[in-house]
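If you look up TrEMBL, you'll see 67-184 marked as coiled coil. Here TrEMBL flags 24-37 as compositional bias 'Basic and acidic residues'. The feature domain 'C1q' is assigned by TrEMBL to 186-324. Taken from TrEMBL, the feature region 'Disordered' applies to 18-49. Taken from TrEMBL, the feature signal peptide covers 1-19.
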Amino acid sequence: MRGAVALLVLLLCRSGTRAQGESGGDRESLVESRGTGDTELTSKQTTGQTITTPDIWGEVEELRDVVDNLGTMILEQREKMRNMEKKMERRWREKWRRGSEARLESENAAMGARLSVIEREVEDLKEQNTAMGARLSASEREVEELKRINAALEARATDSENGNTALEARLNASEGMVEELRRENADRPKVAFSAGLTNDGYLGPFNSITTLVYRRVITNIGKAYNPNTGVFTAPVRGLYYIRFTAMGLKGPPSIDAYIYHNDKSVMFNHQNNDNGRNRFLSNALTLELEAGDVVYMRLPVNQELYDEKSSNYSTFSGFLLFPM
């Protein structure tokens, strides 16, 4: 459209230029002829030449009108072109705006979706943070509890160390005492004996007081008891435990026995037979003996005892409690 208008304007301009040139020449000729006066006009008229000036002016006026009309048309066309361009620009801007709005709406929708996802993630992170905070608080409480336990254990360990030190001291003292007792025990004589009276059953009665000889030796550590004499001889000074048992069958009215220390009776024992049954008698004592002292059993006059093999109804025993 713009190209056609430009071509039409070019043609009109060329026609106008040509007309202006011709009209310019005519005007100059007219001025000159007017300048020479009416005599020349009269001369020309008299010469019989044809005058065309009024026709040329008419054409010029027509051409001016055409040019004016064309100019007006061109202005109108330009105005229309401007309007069309403005409309096209408005439409393009509207279209661009709509496209931009659509893109913005799409982007807003996408951003809204992303925002929703981010908000959910933020909520999840808040929940995780809350859970982590709770776990951290629990861990801190556990750490505090462990610290208290550790402090208590350290205190107990310190007390235990102190106690262990005391126990070590006591243990060392006890070990020393044990070693001392072991040495004393190793150095102390070991004395113990026990013997049965006889394998023959009845022993007695005798017409005089008689020393009992316990011939069946059961134990004789230290060899302090003599089974041939029935006498126990103290090997060291100390405290001794002496004991005996005696049995009498039914018949005699009583059963009696003595314990002698050296040549002196230190214990007399008696048991009546009121019902005619077997009688049993036993007793014991501790004696402080010097080394070489003797202890033995004696049976009074007209008394009898009973013993037999593997029964050991009547026995004589003793052992060293501790040396002095």
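Every residue, even glycine, has its Cβ placed from backbone N, Cα and C.
As the structure is a computational prediction, the values presented were derived from the model and not from experiment.
Note on the domain 'C1q' (186-324): DSSP counts are 2 helix, 80 strand, 57 coil. Across the coiled coil (67-184), the prediction's mean pLDDT works out to 82.
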